[in-house]
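What Swiss-Prot says about this protein:
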- 111-138: compositional bias 'Basic and acidic residues' (COMPBIAS)
- LYS137: SUMO1 cross-link (CROSSLNK)
- 151-252: domain 'tRNA-binding' (DOMAIN)
- ALA2: N-acetylalanine (MOD_RES)
- SER140: phosphoserine (MOD_RES)
- LYS269: N6-succinyllysine (MOD_RES)
- 6-46: region 'Required for fibroblast proliferation' (REGION)
- 54-194: region 'Interaction with HSP90B1' (REGION)
- 101-114: region 'Required for endothelial cell death' (REGION)
- 107-147: region 'Disordered' (REGION)
- 114-192: region 'Required for endothelial cell migration' (REGION)
Amino acid sequence: MANNDAVLKRLEQKGAEADQIIEYLKQQVSLLKEKAILQATLREEKKLRVENAKLKKEIEELKQELIQAEIQNGVKQIPFPSGTPLHANSMVSENVIQSTAVTTVSSGTKEQIKGGTGDEKKAKEKIEKKGEKKEKKQQSIAGSADSKPIDVSRLDLRIGCIITARKHPDADSLYVEEVDVGEIAPRTVVSGLVNHVPLEQMQNRMVILLCNLKPAKMRGVLSQAMVMCASSPEKIEILAPPNGSVPGDRITFDAFPGEPDKELNPKKKIWEQIQPDLHTNDECVATYKGVPFEVKGKGVCRAQTMSNSGIK
């Protein structure tokens, strides 16, 4: 019995010690929470102080700009008295000063409407001249772009390799592909090929891509290029690059040299004007006005079986 009592006492003692330790740990956790909140508050306060300082600086700069503009427009500046507090009996004089300032500003505005000072006229003329120069430059750039012939050289056609293909989550007839076109990151491409090409045949497939169409969303997925195919009302076949092609290889046309547009302007309908002249010939070779799609030093692009068909 004595032994049992001793064991019980030890257990009670250990239990009391455990309670004390738990209470101590609770206090420490509470202190740590308070400390963390305090640190977060201090960080936020510091951040707000920095932002306030920036805002004050911006306000001061804007005030100085406003003062300079008023001076240029002939508005008289009334300095505020320094170190002299305004008392209740000075309200009348304050109102007089304010009304004078308003009158002066409005008179300055009237002068500005009438034509402004000589300096202001010069500044306006300078701005107008700059605007005219900028407009002329933009017109010349647009003119040079429009002066390029509308032919297949405007298209950025490249070899790509489909890394993965999957069905579109919201459209039964569409595939979503990730395609390597020789850039840092693959491009996402949406194609309406579900009814023409089995999914397993899309994986790791070499294709030809039109890469400078403006990216467009297709049922919620942004498509960044278009897979080129031989096409008829009954059938579609993906065009195949020549053996030895690698992602990023350019498609060229001997009779149509030139650099492609960075991005085809949808308003100019350039692709729509070129597409009717894209066909496969009697030997299933892809052509533009009879000139083959070619990868320099590697060969021509072709359809599997579709001859004398459109391409899109």
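Every residue gets a Cβ built from N, Cα and C, even glycine.
Look at LYS269 (N6-succinyllysine): DSSP puts it in coil. In the predicted model, the region 'Required for endothelial cell migration' (114-192) has a mean pLDDT of 78. Note on LYS269 (N6-succinyllysine): other Cβ atoms within 10 Å of its Cβ, all shown chains, come to 12.
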